[in-house]
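Questions regarding the structure given below will be posed in turn.
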């Protein structure tokens, strides 16, 4: 099964990468900007140029590294991604493709929710949305998004995730470690960064499935 167009114009992974990566979080005093919905089935990967290094399965049966944005950074945890593919029934990889499709749409919706929550200084929603996307990204091995969302989750509870001890235990304390303004100040750059990391993961996954379909 390929990701086929459904009545919309195809966009390249690079154009989507650039669009998401450059999108900053809104100011807390401004209304959050509208977010675009991403449907992976709305573009045909077969129409995209071939990556410089085609991804796929290596001779040993492990996931090969596709053309990455930053070769020194782990974008996808290949062990986790391989375990997901073990659940596929046949060569169409329908199950894992469906998981990827759902994640793309979940991430776009969650980013919109986070931007609105940040504009409203709603730390509780930022925490819950961070927790949600942390789980969705972890299921696919999208490690950078997972790590940032975990930080947003704890900061939304006014717990500093960089203090070195287990934030899950510290959050149970009666007194918050950060003021609301301090927590928001730490969350703001993370909202920008998580979109960049998400865009890198989108390109990795789209190039991977494109190579399988070629």
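Glycine is no exception: its Cβ is also placed from the backbone N, Cα and C atoms.
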When you get a sec, could you say which of 156-180, 181-205 is annotated region 'Disordered' by TrEMBL?
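Spelled out, TrEMBL records region 'Disordered' over residues 156-180, not the other listed ranges.
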Restricting to the domain 'HPt' (92-202), report the mean pLDDT as a whole number.
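Taking every residue of the domain 'HPt' (92-202) together, the mean pLDDT is 92.
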Per DSSP, what is the residue count of the domain 'HPt' (92-202) in each of helix, strand and coil?
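Split by secondary structure, the domain 'HPt' (92-202) comes out as 85 helix, 0 strand, 26 coil.
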